[in-house]
Amino acid sequence: MSFLSALRLGSKNNLSLSAKLSDPEEALLPKEKLSEERPLKGFAEMGDEQKSLRLPSLGQSAQKPKAPVLRTTIIIAIWFASNIGILLLNKHLLGGYGFRFPVLLTLCHMIACVVLSQATDAMGLVRHQALQSRQQLAKVSVLASAFLLSVVLGNVALRYIPVSFSQAIGATTPAATAVMALALLGTVEKAVTYISLIPVMAGIVLATGFEPSFNSFGFLAALGACCARAFKAVLQGILLADQSEKLDSMNLLRLMSPIAVAMLLPAVALLEPTGPIVAWRLLLAQPRLAALLISNASLAYIVNFANFQITHYTSALTLQVLGCAKGVLATVVSVLIFQNPITIPGCAGYAMTVVGVFAYGLTKMKGPGR
């Protein structure tokens, strides 16, 4: 059986995938179904678990714990701060201090994820899920490869293009996911879903054509990161289709991080052999750089932990709104901080992309196609 046939066979056990708004880092991980996420100890317990991967429709009320308004507000604030903060710090580190090693920076992120994942697991802050078999370990390793590729390419892109342009490209992840689901799984969406992707693609073409700081290598890296995120989302739906093998985002990160570190060590030695030595000299010459690196690496984990909490305490529609708002806010803040030039047509293109992404999310939440 060919690989493509195997993928199509695996797709029979899956419901249609819901594309998420992209995050260059994020990290980078797809958001699991709302009811599968578990909150911190001490938070209200969830109701009966729903087993469907599909987001609830707008007409249905998902069972969710009632969190105090202040707590929910704090969670959302942390989510915004961590998602935007890691973008700006990545750009700041890669664009200044002489630290021009995106693969080494990704290694720092993954080491922090290993340490902090084990710490939260040991403290019982996240429900522990163990690997069930060697077969499941192999599946997680494949996912780790796709995850790592998206993160590395996202960091590489930030070395060459502004955060604002990177966010515009990353917003096309839903379109990439729909195309990959169609190509690999034969998943056909409603016509209105594909129509909603037209402004997404038209917007990014407009934004790219009028980007003053356009760099072809950075553009291709950002586009590759977008495709890698989409591929991982589709792949995860196939490989972890068995209910007994499903992992929430935090446990998946905990299991993927050590594998990612093992992959990155030879990658750094091959692609950035002088990176560790130069980084050490920079740390000795600029003590402030150490604090920035530690903060940046810690944010790589905090971003995922914030996503873990916010997917539990907000609705699917709220997530769509927050995701669009985060991209816009990150763009505005980055332009104010880094003073990169922008154009009116470029801004119009990005706005068109954001509107298209929001419309796409609405069509996905209204249920599968007939």
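Backbone N, Cα and C define each Cβ position, glycine as well.
Annotated in TrEMBL:
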DOMAIN    71-360  domain 'Sugar phosphate transporter'
TRANSMEM  69-89  transmembrane segment
TRANSMEM  101-119  transmembrane segment
TRANSMEM  140-161  transmembrane segment
TRANSMEM  167-185  transmembrane segment
TRANSMEM  192-210  transmembrane segment
TRANSMEM  216-240  transmembrane segment
TRANSMEM  252-271  transmembrane segment
TRANSMEM  283-304  transmembrane segment
TRANSMEM  316-337  transmembrane segment
TRANSMEM  343-362  transmembrane segment
For this session: Could you pull out which residues elsewhere in the chain have a CB under 8 Å from any CB of the transmembrane segment (69-89), counting only those six or more residues past its ends?
Result: 23-27, 158, 163, 166-167, 292, 295-296, 299-300, 302-303, 306-307, 309-310, 313-314, 322, 326, 329-330, 333-334, 337
Seminar exercise, completed: Across 101-119, 140-161, 192-210, 283-304, 343-362, the most C-beta pairs under 8 Å with the transmembrane segment (252-271) come from 101-119
Exercise. Can at least 3 Cβ pairs under 8 A be found between the transmembrane segment (283-304) and the transmembrane segment (192-210), with each pair 6 or more apart in sequence?
Worked result: no
Exercise. Over the domain 'Sugar phosphate transporter' (71-360), what does the predicted model average in pLDDT?
Worked result: 90
Problem set entry | Chain residues outside the transmembrane segment (192-210) and at least six past its termini with a C-beta under 8 angstroms from it | 165, 168-169, 171-172, 174-175, 178, 219, 343, 345-346, 348-357, 359-360, 362-364, 369
Problem set entry | Contact yes or no, the transmembrane segment (216-240) and the transmembrane segment (140-161), 3+ Cβ pairs under 8 Å, gap 6+ | yes
Seminar exercise, completed: Under 8 Å Cβ-Cβ from the transmembrane segment (140-161), and at least six residues away from its ends along the same chain, one finds 24-29, 87, 90-91, 94-95, 100, 102-103, 105-106, 109-110, 131, 169-170, 211, 213-215, 217-219, 221-222, 224-225, 228-229, 231-232, 235-236, 239-240, 247, 252, 255-256, 259-260, 263-264, 267
Exercise. Restricting to the same chain and to residues at least six past its boundaries, which positions have a Cβ under 8 Å from a Cβ of the transmembrane segment (101-119)?
Worked result: 25, 27, 90, 93-94, 148, 151-152, 155-156, 158-159, 250, 253-254, 257-258, 260-261, 264-265, 267-268, 271-272, 275-276, 278-279, 293, 296-298, 300-301, 304
